[in-house]
Amino acid sequence: MVSLICTLRHHTDEVTCCAFSPSLLATSSGDKTLRVYTTADFSELPFSPLRGHGYGVHCCCFSSCGSFLLSCSTDGSVIVWSAETGEVKATLEHPGRSPLRVCALAPDSSLLLAGACDGTAALWDFRSKTLRRCATVSEASVVACCFSPCAQMFVTGCTRGDLKLWDAYTSLLHAEKDAHDLGVTCCCFAAQFIVNGCCVEFRLASCGQDSQLKIWIVSQREGAACTMKLLQTLTSQTAPVLSCAFSSDGEWVVSGSVDKSVAVYDASLGTVLQTLKQHDSFSQKHRVQWCKSIFPGTAFAPSLMWHHRYVTTVALSPTFPWIATGSMDRSVNVWRIGDEDDSTAAESKETQCQGRKLPGHSGLLLTDWSEDDVQTWLRDEGLVELVSVFKANNIDGPELSQLNKETAAELGIESVGLRGRLLRRIEALKAEQNGSEAPDEFLCPITRELMKDPVIAADGYSYERESIESWIRGKNKTSPMTNLPLQTTLLTPNRSLKMAITRWKSNQELRVAQHLITKAD
């Protein structure tokens, strides 16, 4: 069910964290660096490694869109990197310069949270990069934190063993004392949730030094206190559990342990689906060879290298069947979920898109084209004389798709023949890309357009965030679908739907790419 596909051995100190974006894998280490890989073939990107921290990096995470990579360090800073170029976009410092152990970004990228060794949590407005508050949330070091899917709550965990639930203004909503004996090590929310009238239920996973992985139900009811109820205690690992993560669909929860194993559980039943032991199977010969290649001329005790194979971090890709696990042995294992045939087919599709430059444009859906994509398409279609006109009027993909005889005339395209040729080319392009209409559930009920940021409202329906927020701001406190009063204005990101839309768009783009390659041949 889960098989090892590659091992990355580029760090020179323990791997502290792994994180996926839709297309990248990032790893952080005590060697003060981050390394970034493409999930196409897990090769390291040209700008990697990223250097900017003065001490070891404890944690890293991506923004939901994948545009930004964040990291925090013993040096007391959070660095915001461009995931496309590796450029430092911002450096945020803890007010007391306390070492930072963990950081998290809200699902909607509105807030950035970092937990510190002095028991404080610093909360920044991510868009403006301004500090909102730095509050004491524990008497011990804060080593775990995560945001709820709705981005309106966050959880902190400390070395004393407590889990605490806070609102976005750092007001305490609930405290679970001694959630893990000897200390919490990690926590994470599942993307899925249940809306029942005015009550929203989330699933939270936490793990700790007590060798346990726990699943909690966090309930938020409008006008009432938040509650946490223990749902399951999972005990298949025999030593402290250092990291945990849900799969994007919420069906699995994965954990890494000091016993050198990775446990894969059915998140609903709590049953062990598979135990991965490859972090424990690196031969002594390979260990010595690898260590000598990193530190030539240094003698190593094999027994020491053997015991330092604790699994320190686990991460699951939001879009592909990948699991990444990091270890104190400085390695990162990448695993494939599912059958070999399924993955091979997916890789074959990826190769088809990447192996050859597509003629005419980038291969994206028309509505995602930039102005440059439009201008490239015009040149490839023999409409070079229109490039300057389109450039002057800032015509991008969405505007190109809406172009008709009247708007073409308004652009100053006076030649009837040229205008007709342009419109025919546009219709042919739309026909190529619209081989299948988007499923109805991918369309916002308000605008009937493909959703980019779907959220679930209190009526249980999904809407484009901007549309439903505008609806509510317009004093419409009723459901657009049922016309019944909305019990709450709480909006929760629908990550599963967003990923389904992303996959559908990718399939559409692949079909267009294959069609264009066939045409070119």
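Every residue gets a Cβ built from N, Cα and C, even glycine.
Record features, source TrEMBL:
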{"type": "DOMAIN", "residues": "369-432", "note": "domain 'SAM'"}
{"type": "DOMAIN", "residues": "437-511", "note": "domain 'U-box'"}
{"type": "REPEAT", "residues": "8-37", "note": "repeat 'WD'"}
{"type": "REPEAT", "residues": "50-91", "note": "repeat 'WD'"}
{"type": "REPEAT", "residues": "104-134", "note": "repeat 'WD'"}
{"type": "REPEAT", "residues": "234-275", "note": "repeat 'WD'"}
{"type": "REPEAT", "residues": "304-345", "note": "repeat 'WD'"}
* Asked: Which listed range (50-91, 104-134, 234-275) shows the maximal number of Cβ pairs under 8 Å with respect to the repeat 'WD' (8-37)?
  -> 50-91
* DSSP-derived helix, strand and coil totals, residue by residue, for the repeat 'WD' (8-37) -> 0 helix, 18 strand, 12 coil
* Residue counts (helix, strand, coil, in that order) that DSSP gives for the repeat 'WD' (104-134) -> 0 helix, 19 strand, 12 coil
* Secondary structure content, the domain 'U-box' (437-511) (per DSSP, counts of residues) -> 29 helix, 12 strand, 34 coil
